[in-house]
Amino acid sequence: MTATITDINAHEILDSRANPTLEVRVTLSSQAYGCAAVPSGASTGEREAVELRDNDLERYGGKGVLQAVENVNGPIRDALLGQDPRSQEEIDRIMIELDGTENKANLGANAILGVSLAVAYAAANNADLPLYRYLGGDGGPFSMPVPMMNIINGGAHATNNLDFQEFMIVPVGAPTFAEALRYGAEVFHALKKRLVSRGLMSAVGDEGGFAPDLPNNEAAFELILEAIEDANYVPGKDIYLALDAASSELYQNGRYDFENNQLTSEEMIDRLTEWTKKYPVISIEDGLSENDWAGWKLLTERLENKVQLVGDDIFVTNPDILEKGIKKNIANAILVKLNQIGTLTETLATVGLAKSNKYGVIISHRSGETEDTTIADLAVATDARQIKTGSLCRSDRVAKYNRLLQIERELNDQAPYAGKEAFLFNRK
């Protein structure tokens, strides 16, 4: 007998920034159930699906999500009772139609996503499968993703003087995911020692990376290279560098406010190009603003065969916007964030579109996270080959890494570590 949805319940919980978010539980007639919690971003793309907040300044500074909870426990629950949880596309379609807007502004993308993911977990649990096998099929193909580890935070993720948001290490040369995690942890500790020895702040930002004040953004690269060598690894062989410029946050009146200079798109591209020549940079995310499509085209023409160019704010995990970008030859990879689009079905469609056009895929967390580990399973299920889930501290980040360790043990030889094969920019 087919199990059907018998109950859906949402409630407020706290995310890693002490802001409310939703946790949703979907229960089936078989008594199997699934739970999921929804993340939240700090630097958000203008075209992201709408995260519904209460705006009641008497509660949580206006950031409560009681209305989104009510939407789950009321109209969404009523619409989905009796549905087969295996019918993910149909369930997501029902919620999208019930909302009735292009950006999920009525019910809230946070409400819809929580239900969408909890339904998938319920179906997986009912089939006695881990989520990655339920979504990816029993035979895969599976691979363990290369982690992009954010070890120096700046921009909107910290209160320091760095313009760029994330300076990351990418342990491409490791033989397994477990070893990649070890490489990253050892560099993290080496970097902390460097910071302490120089009297620099070793407190961490939203995503667990250190947030020191430095003379300039380039000094972050220099510090990280020193830490890599201190940990006895070789930059550009064992470990590469990656950057999230989050340039939409710097873009005003057609210029980029960078290190107290007002740079044109061409000047920003020149700066990024110079760094790719000077440092072992393998990936640049949001090198230009989401509203600077002409600049993005120039950036792609300049660097598409030399480095991974990741579109986050410009694509917002939206398959329609990604398709437009592919046609215009914008970027060569996409950052995938579940809550930017708001359903599992649309997320999987975006991943499929990217992969069919040889765009790199990086499954990503948000700066406001919970202990939910969905993105770890999603990265393996979709054979995305890259994951971005923060630094090597803070339980909200480490939970994803530990889940990936568990998956690697379960799959063993079925899921080789992607390594350099994860990067498609020189094979398009």
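Heads up, the Cβ atoms here are built off N, Cα and C, so glycines get one too.
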**Request:** Write down the one residue from ASP213, ASP312, ASP313, ASP320 that Swiss-Prot lists together with ASP244, GLU285 as binding Mg(2+).
**Result:** ASP312
**Message:** Among LYS327, LYS328, LYS337, LYS420, which residue does Swiss-Prot annotate as binding (2R)-2-phosphoglycerate at the site that also has GLN165, ARG366, SER367, LYS388?
**Reply:** LYS337
**Message:** On a C-alpha basis, identify the one among GLU207, ASP244, GLU285, ASP312 that is nearest to LYS337 ((2R)-2-phosphoglycerate binding site); the candidates are the recorded positions.
**Reply:** ASP312
**Complete:** From GLU285, ASP312, SER367 (binding-site residues), the ones whose CA sits within 10 A of GLU207 (active site, proton donor) are SER367
**Request:** Might you list, by sequence position, any residue in that chain lying six or more from GLU285 (Mg(2+) binding site) with a Cβ less than 8 Å away from its Cβ?
**Result:** GLU166, ALA242, LEU243, ASP244, ALA245, ALA246, VAL310, GLY311, ASP312, LEU335
**Request:** Other Cβ atoms within 10 Å is the metric here; tell me which of the binding-site residues GLN165, SER367 scores highest.
**Result:** GLN165
**Prompt:** Does DSSP put ASP312 (Mg(2+) binding site) in a helix, in a strand, or in coil?
**Reply:** coil
**Request:** Measuring CB to CB from LYS388 ((2R)-2-phosphoglycerate binding site), give everything in the same chain under 8 Å that is also at least six residues away in sequence.
**Result:** PRO147, MET148, ASN150, MET168, LEU335, ILE362, ILE363, SER364, HIS365
